[in-house]
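**Student:** A single structure is presented below for examination.
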Amino acid sequence: MASQQAAPTATKSNDLSFARVVLSFRKWWRDDVMGTVDQPAVIEKRRAECVMSGRYMFMTAMSGGIAVLGLLLSSPAVVIGAMLLSPLMDPIMGLGFALAIGDYKWLRKSAKSLAWGSLMAIGLCALIVFLSPIQDITSEIASRTRPNLFDLLVAVFSALAGAYAMIRGREGTIVGVAIATALMPPLAVVGFGLATGNWTVFWGASLLYITNLMAIALIAALMARIYGFRTRLSDKQTQFQNFAIIAVFIALAVPLGFSLRQIAWEANSARQVRAELIANFGSSARLSQPEINFDGDPIQVSAFVWTTELKPEAEIKAEESLARAIGQKVDIDLKQFLVRDEKSAEQAQIISAQEQEEAAASQRADALADRLALMAGVENDEVIIDRQRRRAMVRAVELEGAPLVTYYNLERRIAATEPEWRVELIPPAKPLPTIEFADGELSEAGTKALALIAWSAGRVGAPVILSGPDAAVEVAQKELAEQGLPLVATQRGRGPNVTAEWGSIGQ
């Protein structure tokens, strides 16, 4: 009897403990996370950057033009260059935030900017392809003609990073590049399909572009809601406008839902393909990663298998089993390699995987060298690539009118595309920025200036001369000295700020 009474008591205690944890988390999230976000400032900034301007239209069109040229040439470096220019992040994020707060006017403005920018880019891409002597479907173009799981994940993670950065006031070019990665290549392929009259390419790339766009907008809206951005009705907002926003949300979700359904079917089919291919051989056999073309009719599958016993009927059996399992005809090209035993099969599989990885790594290194040469304005042979240490270095030519921060941003953008590499872009010794102080403390602009000076001095390898009030110079000198930079500090000067200039190497 006592044990029966104790059981409900224990359950109730557990429920109360869980409730306390939930309440504590909600309080922490409300006070320490949502409470630190300046929502009016975030919304005001997002509104201002969603305006359709001549600069926005021009940059979107140029980005599309560069992207389609990169796709025609099968040059990842040129495609990445297009992503660096793309301004599509602002209207897409505006679309998401407008959905989150229920602002119909802002939603319409963002959608208008996005639509006109996309049409401008598609038009220029189509014109370039129409006038180009090269109109072949390259591997870069073919890979952007249908949604897949990895494309969707790129869009989702880019949206998460972009929304978080904007809410926290840390947005920048790198986040924009991540979002453009999911949008500019398929947008350029839409123009290619239009110019060549290839409607399979046109509609496939359009679906990929719309799917990624919808995913980014919906994720941005979700992130904004999580951070406390809510609908605030005003006198001008009507119930009709609210219904219109809900309708837009549903319209965004429909193509995404269809794409997710297709992606899920393909992922499940890929698992079944691998299972059926290996099922015809013993446990000692080893299978390569199958290559599957779902666009073919029948579906095309190719793979290698290392086995201790050759089985000529394996292809036919696998084709019949897969046709029943996935409901479509399958054409399998299965190459069999005879090995002595299971250990030999494993070694052959490992060697094959290593060769593929080495080839892929070599291609990535070559592509990185191409991008660095393009950004630095030099020939490829002037880029130093250390494949073993994964280090890349290049000395940039001087760009007229470009300040030091331009080179700093270029290095960050390229480094973001290859996180496993150490990328160093050596800038010319351009004028250093002024280190600003406010009430004796480093201002936000001063902190950024210090970071830029530290980066520049580290790359150029020359000492820096600081001039200004004693206390301010001491603060700046301490910050830079902690990074091991050579300094010649002249602690004299007037005004609240510190100026910086290059010293000679022997100084």
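Just so it is clear, glycine is given a Cβ too, placed from its N, Cα and C backbone atoms.
What you are looking at is a predicted structure, and each value in this text was computed from that prediction instead of being measured.
According to TrEMBL:
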type: TRANSMEM; residues: 56-73; note: transmembrane segment
type: TRANSMEM; residues: 79-102; note: transmembrane segment
type: TRANSMEM; residues: 114-134; note: transmembrane segment
type: TRANSMEM; residues: 149-167; note: transmembrane segment
type: TRANSMEM; residues: 174-195; note: transmembrane segment
type: TRANSMEM; residues: 207-228; note: transmembrane segment
type: TRANSMEM; residues: 240-260; note: transmembrane segment
**Student:** For the transmembrane segment (149-167), name the stretch out of 56-73, 79-102, 114-134, 207-228 with the most CB-CB pairs under 8 Å.
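**Tutor:** Most contacts with the transmembrane segment (149-167): 207-228.
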**Student:** Short question: most Cβ pairs under 8 Å with the transmembrane segment (114-134), which of 56-73, 79-102, 207-228?
**Tutor:** 56-73
**Student:** What residues in the same chain, six or more past the boundaries of the transmembrane segment (207-228), come closer than 8 Å to it by Cβ-Cβ distance?
**Tutor:** 30, 33-34, 37, 39, 92-93, 95-97, 99-101, 114, 118, 144-147, 151-152, 154-156, 158-160, 162-164, 167, 179, 182-183, 186-187, 189-190, 249, 252-253, 255-256, 259
